[in-house]
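Trainee: My questions all concern the structure below.
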Amino acid sequence: XIMVEKDPVKTSFEKWAQPGHFSKALAKGPSTTTWIWNLHADAHDFDSHTNDLEDISRKIFSAHFGQLGIIFIWLSGMYFHGARFSNYEAWLNDPTHVKPSAQVVWPIVGQEILNGDVGGGFQGIQITSGFFQLWRASGITSELQLYCTAIGGLIFAGLMFFAGWFHYHKAAPKLAWFQNVESMLNHHLAGLLGLGSLAWAGHQIHVSLPINQLLDAGVDPKEIPLPHEFILNRELMAQTFPSFAKGLIPFFTLDWSEYSDFLTFRGGLNPVTGGLWLTDTAHHHLAIAVLFLVAGHMYRTXXXXXXXXXXXXXXXXXXXXXXXXXXXXXXXXXXXXXXXXXXXXXXXXXXXXXAHHMYAMPPYPYLATDYATQLSLFTHHMWIGGFLIVGAAAHAAIFMVRDYDPTTQYNNLLDRVIRHRDAIISHLNWVCIFLGFHSFGLYIHNDTMSALGRPQDMFSDTAIQLQPVFAQWVQNTHALAPGSTAPNAAASTSPTWGGSDLVAVGGKVALAPIPLGTADFLVHHIHAFTIHVTVLILLKGVLFARSSRLIPDKANLGFRFPCDGPGRGGTCQVSAWDHVFLGLFWMYNSISVVIFHFSWKMQSDVWGSISEEGVVNHITGGNFAQSSTTINGWLRDFLWAQASQVIQSYGSSLSAYGLLFLGAHFVWAFSLMFLFSGRGYWQELIESIVWAHNKLKVAPVTQPRALSIIQGRAVGVAHY
């Protein structure tokens, strides 16, 4: 069975040159300016171009190659900047004093003021992407190597663009190929994750480890042999790692402990660099490779062994959920939007977890002491997680509107969730109200007691304690666990769990135990509140995407629509798309509090300088536990204390940050105005809550009604 079709679509630059060629309506050209917005909205909405599932699948497949090409170009640009406009070699010689910079502002109208002195005789903008630390970890010792990698990135980008064109225009896979889920799982697990990790582990062992070992010992980067010399010359490697002299003999004689000089299991951080032991990370990636190479043989393909995904899903029938997974496999295989939703949700959870690993287990040398980069990486990965979660909800709603077939989905898990949607939404709504009032109420109580001069009646570590006992138990367990589970390890996975390990590099704290107290308990419940509100908005958008009491035939109106026609007042801003819009606002709210919590907590309890005698002087002097228990403390000791430096930056090389700071707050305040106008959204939520009141026979006589759009805008502009 040949799985590709030859030359299915002509390569035509004339066609591509015509704006809107993908849509009959748009190809006619503009009649109003709305046309240009629709171009942007529909260019990648392949569902709207055609109903042919095979063609849609090919377009998505091809677009993935295009995306990879763009990523390679972007990466190449990063490496090129490191080669052409950076002080990487100076930083490599003295990473504790020189600040990383790979951007020089050209003098056009005076913005060269932004080029500050970053050390190493270099004027530029300090960068906080962590690339320098990553380059050192991968064994790059010169700017020439960065040039070569940048060129390699462009070559790979070209290959990706070619592959995208080839697999749509020259040899396009057939639908059966796209729907062969087991083969896809096997190939991605074994190929991408398994062989990818194996290749990276190989690079780490043969190139990164010897070079970093020499760098840590203080050898001048210019005197370190080039990467290929380590790969080709076994004696050179054996100088650093003696077991290399034995070659592969210990591997085949199963005498693997011989390799423990370069595949370690130490735990904790390297005291020279403040990063994870690179011998630990090489061991880790080798283990991951083995794991995924095995996983890549789990699913049944041409060979008769292993599990078929459909059978695996059907086998999960417990007593309560009898036919629970019936037809779920078919839905995932045939509906791209459902698969995107599940994948985006899983990847988002991973991204948010990764954000925490970047500071708790800093993977690269000298990353932990570069505080600005640590803040940036945490923020960056939290934002990615947030976008992906909202994207998961968006695609789940698109799936509900476009691909959901109620006839095939009877009484399975999906159907049961949808039938319980009123109970789910009204409970979530109650949880949000409870969390919001109680967590904010604790702060307001503290502000009031503080203002009345009654500190003994406040919730804090020195008055009424609300210790996060479960979190402390988890921390303690992780601090002690390696003693029994990994007796040979030198330390637990991270100093943050507790104990007395403080890692300092060059007089700066890299990482120390992070104590949790009443202040963390309070802000944690703000996190719980904002996240639950985000979930409420997004889930409501998904569960009511096809129908609601307000608009029973919503599925016919599509994923995004302004109102249900002119005759139905109060149905505006109620589409699934509008829920994504409102969900994004709350995702931003959630992340703001998370980043505030992280940056203040780290500056107060972890980061700082350390004296010769070993006395730690934290950046904000450990004020988090007492100050952050009141709203006033957050405003005065965090927001104002940290913002005043930015606001007073005009005339220094930091001035751009002051301007961006002002501008970002203006955008934020302006956007609040639009939040209050979701008329139909609120009406739909109210109907669900009224249902819950009717169930319990406590419904009010006066019928609850959402604010009109005019009223909502009045409230919005007043707040603004």
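Each Cβ is built from the backbone N, Cα and C atoms, and glycine gets one as well.
What you are looking at is a predicted structure, and each value in this text was computed from that prediction instead of being measured.
Per Swiss-Prot, transmembrane segment is recorded for 60-83, 146-169, 185-209, 281-299, 336-359, 375-401, 423-445, 521-539, 579-600, 654-676, 714-720. Positions annotated as [4Fe-4S] cluster binding site by Swiss-Prot: Cys563, Cys572. The chlorophyll a' binding site annotation in Swiss-Prot covers His665 and rests on similarity to another entry. Annotated chlorophyll a binding site per Swiss-Prot: Met673, Tyr681, in sequence order. Per Swiss-Prot, the feature phylloquinone binding site maps to Trp682.
Provide an account of the burial state, proximal residues and distances for the features listed.
Mentor: Sequence-distant contacts of the transmembrane segment (185-209) (same chain, at least 6 residues past either end, Cβ-Cβ under 8 Å): 137-139, 227, 230-231, 237, 240-241, 262-263, 278-279, 281-282, 285-286, 288-289, 291-293, 295-299, 301, 309.
Outside the transmembrane segment (375-401) by six or more residues, the chain places 47, 128-130, 335, 337-338, 340-345, 347-349, 351-352, 354-356, 358-359, 367, 534, 538-539, 541-542, 545-546, 554-555, 558-559, 576-577, 579-580, 583-584, 587-588, 590-591, 594-595, 598-599, 602 with a CB less than 8 A from a CB of the stretch.
Under 8 Å from some Cβ of the transmembrane segment (423-445) lie the Cβ atoms of residues 417, 458-459, 466, 522, 525-526, 528-529, 532-533, 535-536, 539-540, 543-544, 629-631, 685, 688-689, 691-692, all in the same chain and six or more residues away from its ends.
Counting residues 6+ beyond its ends, the transmembrane segment (521-539) has Cβ neighbours under 8 Å at 389-390, 393, 424-425, 428-429, 431-432, 435-436, 438-440, 442-443, 459, 466-468, 471, 579-580, 582-583, 586-587, 589-590, 593-594, 597, 628-629 in the same chain.
A sphere of 10 angstroms centred on the C-beta of Cys572 ([4Fe-4S] cluster binding site) encloses 20 other C-beta atoms.
Within the chain carrying the transmembrane segment (654-676), a Cβ under 8 angstroms from the stretch's Cβ atoms is held by residues 111, 113-114, 116, 582, 585, 643, 646-648, 707, 712-713, 715-717, 719-720, all 6 or more beyond its ends.
Under DSSP, His665 (chlorophyll a' binding site) is assigned to a helix (H, G or I) in the three-state scheme.
In sequence order, Gln573, Val574, Asp578, His579, Leu582 constitute the residues six or more apart from Tyr681 (chlorophyll a binding site) in its chain with CB-CB distances below 8 Å.
DSSP classifies Trp682 (phylloquinone binding site) as helix under the three-state reduction. Its own atom aside, the Cβ of Trp682 (phylloquinone binding site) has 20 Cβ atoms within 10 angstroms in the protein chains shown.
Residues 669-670, 672-677, 707 of the same chain sit 6 or more residues outside the transmembrane segment (714-720) yet have a Cβ under 8 Å from a Cβ within it.
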Trainee: Since the record lists Cys563, Met673 as binding-site residues, which of them has the fewest other Cβ atoms within 10 Å of its Cβ?
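Mentor: Each of the binding-site residues Cys563, Met673 was scored by Cβ atoms within 10 Å; lowest is Met673.
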Trainee: Nearest by CA distance to Cys563 ([4Fe-4S] cluster binding site): which of the binding-site residues is it, out of His665, Met673, Trp682?
Mentor: Trp682
Trainee: Where else in the chain does the transmembrane segment (579-600) make close Cβ contacts, counting only residues six or more beyond its ends and a cut-off under 8 Å?
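Mentor: Same-chain contacts beyond the ends: 359, 375, 378-379, 382-383, 386-387, 389-390, 393-394, 397, 520, 523, 526-527, 530-531, 533-534, 537-538, 540-542, 620, 624, 628, 634, 638-639, 642, 671, 675, 678, 681.
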Trainee: State the residues, same chain only, that lie 6 or more residues beyond the ends of the transmembrane segment (336-359) and have a CB under 8 A from a CB inside it; answer 'none' if no residue qualifies.
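Mentor: Tertiary neighbours of the transmembrane segment (336-359) are 47, 56-57, 60, 367-368, 374, 377-378, 380-382, 384-389, 391-393, 395-396, 398-399, 402-403, 496, 511, 598, 602.
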Trainee: Which of these binding-site residues is closest to Cys572 ([4Fe-4S] cluster binding site) if you go by CA atoms: His665, Met673, Trp682?
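Mentor: Going through His665, Met673, Trp682 one by one, the closest to Cys572 ([4Fe-4S] cluster binding site) is Trp682.
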Trainee: Taking only the Cα atoms, work out how far Met673 (chlorophyll a binding site) lies from His665 (chlorophyll a' binding site), in Å, as a whole number.
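Mentor: That separation, Cα to Cα, works out to 13 Å.
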